[in-house]
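For 1-17, the entry in Swiss-Prot reads signal peptide. The feature region '4 X approximate tandem repeats' is assigned by Swiss-Prot to 18-1230. Residues annotated as repeat '1' in Swiss-Prot: 18-320. Positions annotated as N-linked glycosylation site by Swiss-Prot, on the basis of sequence analysis: 205, 515. According to Swiss-Prot, the feature repeat '2' maps to 321-630. Residues or ranges marked as region 'Disordered' in Swiss-Prot: 391-413. Annotated repeat '4' per Swiss-Prot: 932-1230, in sequence order.
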């Protein structure tokens, strides 16, 4: 920005420094001051002052002696720099003062105002009840306030009854900003007010928000009525803002030309004392409509519909005519769908979708067609349901509303009785010949009605059908057949039925017009013999094949009775009807609606569209291609059967061989493979079928025109490379590295054959293994290893186990021998073993295959390694590739099956599931994290043991746990995360202590605000606490003046002391004067014990304190005593009134301590269930630099003389009943037995 200003000011200054010295540099400063003080985009002027100083110092001279030329140069410079064409500098030497602004209208008399309004406003009601209002200048608030009643009565009132409104702003070049809300408000619903714009004024440096008015004189224009705003290139200023707002509100359609891009307020200001004047926009629109980023100032308002200004009104009226017809179009569309659309289940969704569609943007028939089609397609997903525009030159032919189906049979044409003429007719329709190879050829170019075929049947049989009966295959040519009535389709299909005994279901139709569903079956009685599909039928199609010919082709393909060759058919079915929706002088709209549902024998509805052939070729090439396919099909049976035989002989999973072979034979018999037109498509279909029935993705059939080395020919002996070659290969194939922490890293991307490994073993040990064997742990990276030979796996595994005893790795079932072979580690290996105790990590990815999977699964299965990465696909230890007969078709299948040494189950099909599943790119870093974690385990166990020994409530048991914990380190050898470490540590601590309250947890960094005992809870304000108290305590006075108090958690004693007066005021006063008390602890989960003395004190008399309990604290090895308080806030309940405590199995912690104290001291009767057996409030301790935390019970009750306690065993009630019955039993006992029933001395005092 600074550079731009320097250039601009240099031009300005130089322009003022001509040889006549008429213009001083101060003019530049005056010009800048005008901009700074008045330009409504002050943010664009940053850096201008500095630029002026630099320009003044530049001393460049530009000789411009003519002031008009100078004004033009200055204007160009300013407009270019600020990118604002509204900035204009003019030279006006005869103007003593700035040109006067438009005189204030408020100074005019009422008659003058009326005359001004009549010149600036025109209104009338046009044809079609369309209101027209032309505004040439927008009056301000003062004028509208003065003349509002007149305008409403004589202008607006005449337009209120119109059906739509045209607001003509084509000649409006200005007006007052204060008039904007009035015009907008009359077009906006009155139930809400809307913020439509914010105006910034630079001279006053203020912003003014413009809102619609909550109330207006007269009525508002109906929100459901259309409004069109007309614009031209002359429309400027306030009128542009009105057009922009109404467009952004989607309240009006803007028609005409892009507006002038003016300003809300343009002022012409004198530059200093000179004769130059500066025209500057001083106000601008800030939005909010349009998000503040879209502005019309400088660029203009773009119309919704662009048209020359002089044609805008005519265009607007055409748009309104169309839009007035929209309700009728939608209603007509809905009625047609209800009456005719064949997919009845989709009609409610369509109707609902149409009812909710927004047509506010529709301004043309094209928009309407696009909108309707998008909605219909979205709701129905039926490409046949289509609205289209019919031009004025087209002549639509609408069927009668009750017309029968287009494909319904009409009156059969009368046929001549003369036999010779009938024979000639048949000869003209059908072309029959026998091609070389005894292949029949039948062409017919139209479909006749079934009744016509019935009459001509004897001639057709004799002249057409009988010559084809002895052919081995049949080619039917439908390339030139546009179809016809569908009534003959079932009859023709019946001639191709197989040897089935009964009728075959061909297809089903549902006709919406008649509401009839009809199933179509093959005819059992036919004139003449059938042509069994066992001989092979081939249909030729083209883009001209249509209607009934398409149906016939579709069904022959769907039934598996024919192979289709040629082009995709026309997709022109006779299952629809066309219904008019709208007629206008410019054309019409019509809906094509499907009236017939066509369902094939698989239950799939045919939604139109052309029939796709099995072999797609040009129509003129179809006959030659059909003969090629026919020749290929001669070998189809042998190829399919041969594939089945190979599976039976070699596939490693004999339990599924029978199923796969049976499937192949069944599909072959059904003609399912006739859709295969070459070896590629047959291979693809066979692969899909084999994988589907077996669930084995490794079964593949493929076409390879070249020769392959197949079956199990033994490979040639591996060639041993020279030492130089070997060194190069090892460095290229193996990557080794010792990572921080003595972590070895080994990557290799292929599994070599065992003999090769043995041959180069010494070099491998020297160049690779010796660098890694002494590391503390090892990562083996198989993420890029696709596998290959599995024979070296036992040798590789042996390095990670001891020599003795030998380890059973896995078993292999070999299909060729039908034997199971166990694979074991080797007793001897070259070099040093890595051993069985150091950690091993294997990295995998989805591309890791076969032998790499076998190694990883074996080491994982034997718990010797941690597998990290992605699940593998499941390869095979051995794959055989077998040629199908002598063809170029090959079958690839697993010939061996790997079985787990621990479970005996096959795993190779499922692949390897990692212990830790992460993206392959993260696997190595995760392995390093686990190594670091496992290195911490001894220290973590030591720290955990010390924390337990120093803090557990039982010092003796804590010391024993610490000692035993260090001996369990082997249980943590395969830990993979802090979460798992916490689970094992917590289980061990609870096993050693028998205490379920001694816990270990993993708490992530982002959850540490919820760790009890680590981060103190925030104490709310007194106001919030008062509401919390009301919510947390439940009180009631039951029948017979029995008090009821329930709270579900104990608070901190210090906190309760601070809010004791609130508790007394809002809780205690409600129940303190009752005759007996029920305290409900059934849902209380505990809390701090410091509040127990406060609560207990209210239920004992004033006088000597009562010892409630003694609490032993292990961290400071001390015993503290709990006593009642001598002073309490409010009144005591005393010790004479009856008191019952309700308990459940949920009652825990401090609630149990309170219950235990009141029971032991004989102050309360306990009714309910045995409590949970919790502990004193535990403490939480952080373990080293991990995210592990131990929750340790650090205190226990020691107040009972007999050493008994509730901790771990719970408090047993006096009266044991289910928790849900406890309250009823307590009320019953207090009401009926308190004064009458004599209890044992231990209970008498509190009844």
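Using the three backbone atoms N, Cα and C, a Cβ is placed for every residue, glycine included.
Since this is a predicted model, take the numbers as computed values, not measurements.
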Inter-residue C-alpha distance, residue 515 (N-linked glycosylation site) and residue 205 (N-linked glycosylation site) (nearest angstrom): 74
Surrounding CB atoms that lie within 10 Å of the CB of residue 205 (N-linked glycosylation site), all protein chains: 9
Reported mean pLDDT - the repeat '4' (932-1230): 86
Where residue 515 (N-linked glycosylation site) falls in three-state DSSP terms: coil
Number of other Cβ atoms within 10 Å of the Cβ of residue 515 (N-linked glycosylation site) across all protein chains: 8
